[in-house]
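Written below as structure tokens is the structure these notes are about.
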């Protein structure tokens with residue numbers, strides 16, 4: 001066992017040869033490297049698979065022995081400064097390593113087909129491998145300096161991947177927004193690291209925790225300064241994990257390729273903030289009020305993310321706000337001191353969200369058959385619907401991921417979210433009410449995404465956005481408002497999206513959406529794609545092929561069974577709670593005397609309420625978004641609920657307020673644009689003016705004045721001796737007069 005730990009330092013570096021060799025190959029043998037590009041995808045998967053096997057071996061040893069191993073090398077040693085580098089293998093490291101490698105491998109396999117038409121294929125796999133290296137280095141770091149180095153590398157990789165299609169202006173702006181927003185948190189993290197080093201004199205975790213606990217117990221620190229340093233450390237996690245108020249970069253990050261979205265939202269960038277708080281939890285616990293602040297940020301993010309997801313039309317942005325809300329649950333659990341629940345939800349959410357993003361990528365991939373490469377169309381749920389018969393495997397997989405995130409048993413997220421919800425009652429009834437209400441909202445907006453995408457009819461083939469044919473029945477539109485009636489039957493709303501030059505309306509354009517050499521050129525109306533032994537020609541959305549479906553099906557298995565990893569049942573002496581063994585010793589401020597095991601009756605009693613709330617949210621979503629003609633064609637049921645009147649008008653106003661809040665991102669982006677972005681730009685313009693006109697103006701003015709004076713003197717002198725003698729005697733006379741009057 002000791003020998004296995006000794007070679008654990010290689011974990012972060014195993015994926016690194018791929019980007020290095022690709023770069024070397026493109027420099028020395030560009031043609032051969034590009035022609036054999038599929039080989040590099042295999043190499044990436046192979047090396048990351050080796051890391052996964054290594055991590056699983058370490059995890060088994062962690063479960064059996066509950067031990068931690070740390071190895072450090074001294075780099076700088078003197079009387080004042082001691083800087084060490086090394087690696088730390090403990091339960092948190094092993095959990096994160098397995099999470100990163102399993103999701104990373106599946107995303108790489110998926111990307112091989114998804115990015116096959118892209119000219120940036122090799123560049124994509126370079127970024128992905130370097131991303132895996134950075135994240136693995138982060139989770140194995142043994143001190144704050146290493147954390148910060150790999151933290152910045154993760155940020156760089158996310159910047160490169162979000163702006164992968166950098167020739168699209170919206171993608172370029174998105175990666176800049178992510179980079180600048182994370183700079184705020186990263187600067188706070190750096191200041192917090194330096195502050196705690198100034199207090200304790202150590203960057204290494206174990207020494208830092210021990211020294212700081214001694215200082216706190218002896219009351220030898222300034223609590224105001226310590227709290228400030230802790231808040232600065234937490235600011236890094238706020239930005240990285242898209243917590244309020246630094247969450248604004250996350251939905252814009254959807255401009256990158258869909259596999260990147262899956263990796264960022266499941267196991268890398270956004271998970272880094274949760275990992276940092278979990279790693280530093282022994283430090284935060286002993287600082288008054290900081291845990292309350294963490295839980296407050298978490299509960300605000302939980303509710304805000306859910307409300308902002310309610311009216312999103314872009315399928316990836318809807319999932320992005322879902323990620324934001326679920327990360328809020330994890331942060332809430334950490335703030336409550338429920339360490340096990342937070343990590344449990346991190347695991348279950350990672351696989352469920354990866355499944356949803358890869359499923360959405362499959363849907364987008366199939367929609368491009370009809371609308372070409374145009375994210376505003378291929379990702380727009382308004383134009384989807386009725387995909388069940390076209391992409392049945394993707395539909396079933398997406399449904400399982402949706403139900404998991406809704407908290408429906410026995411799927412993965414049910415077990416972890418239910419644990420957090422139950423713990424919230426012990427911490428704060430107010431927080432519990434918000435958390436439980438948000439569970440219902442989660443079920444509503446996730447079911448809404450599913451229904452708009454897969455149920456009904458394919459809306460690009462019909463006359464309006466409500467997903468129905470012309471019927472006399474009342475229609476429920478995208479937001480659940482009354483569908484407007486169009487008197488001219490020959491006019492269709494969908495024709496407003498595309499008009500040909502001859503004036504005739506047409507949704508399908510012959511134009512190829514090509515963006516230099518960085519995006520796929522796909523708008524063929526008919527594609528021949530082999531999948532599962534069938535070769536057909538499609539004029540409708542088609543099911544993805546094997547290399548995209550295989551990772552989705554594996555993630556379905558994880559979504560079905562990974563929740564059983566942490567089932568807290570203890571019956572007849574059989575302890576099924578593997579996660580608690582894995583995390584021993586674990587921090588739990590809410591159950592200090594508990595062994596994390598409950599009986600079936602107690603568990604069912606606690607679970608019934610959460611499942612009821614989720615079921616209510618699902619029912620409301622079905623009531624509003626299930627196609628009217630398929631559910632109530634023979635019963636004019638909807639009209640009985642929506643007759644106009646004072647109550648109806650008031651409810652419409654309430655829905656409009658909620659819709660505007662959600663669709664406009666809570667006006668937070670507009671607030672930042674008005675008061676921060678515009679203000680900073682005006683300040684930069686003033687600084688530029690002051691620097692050029694005032695700071696540079698003074699020496700330039702002196703030089704210019706000297707030049708003109710010299711020119712005047714030059715013109716007056718003219719090189720004649722009489723002129724020189726005249727000026728000489730004039731200056732002497734003036735000097736003598738001044739001297740005379742001063743001494744008079």
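Just so it is clear, glycine is given a Cβ too, placed from its N, Cα and C backbone atoms.
Taken from Swiss-Prot as is:
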type	residues	note
TRANSMEM	40-60	transmembrane segment
TRANSMEM	125-145	transmembrane segment
TRANSMEM	147-167	transmembrane segment
TRANSMEM	185-205	transmembrane segment
TRANSMEM	258-278	transmembrane segment
TRANSMEM	290-312	transmembrane segment
TRANSMEM	327-347	transmembrane segment
TRANSMEM	354-374	transmembrane segment
TRANSMEM	396-416	transmembrane segment
TRANSMEM	425-445	transmembrane segment
TRANSMEM	608-628	transmembrane segment
TRANSMEM	724-744	transmembrane segment
Recorded stretches the transmembrane segment (258-278) and the transmembrane segment (425-445) touching, at least 3 CB pairs under 8 Å:
no
Can you tell me which parts of the same chain pack against the transmembrane segment (185-205), counting only residues 6+ beyond its ends and a CB-CB cutoff under 8 A?
72, 82-84, 88, 142-145, 147-148, 151-152, 155, 211-212, 215, 221, 225-226, 228-240, 246, 279, 283
Close approaches to the transmembrane segment (425-445) from elsewhere in its chain (Cβ under 8 angstroms; 6 or more beyond its ends):
295, 299, 302-303, 306-307, 309-310, 318, 321-322, 325-326, 329, 332, 336, 405-407, 417, 590, 609-610, 613-618, 620-621
Candidates 40-60, 290-312, 354-374, 396-416; stretch with most C-beta pairs under 8 Å toward the transmembrane segment (608-628):
396-416
Result, the transmembrane segment (290-312) in contact with the transmembrane segment (354-374) (3+ CB pairs under 8 Å):
no
Which bits of the chain, at least 6 residues beyond where the transmembrane segment (290-312) starts or stops, bring a Cβ under 8 A of a Cβ in it?
227, 230-231, 234, 238, 242-244, 247, 251, 277, 284, 318, 321-337, 427-428, 431, 434-435, 437-438, 441-442, 444-445, 448, 479, 589, 658-659, 661-663, 665-666
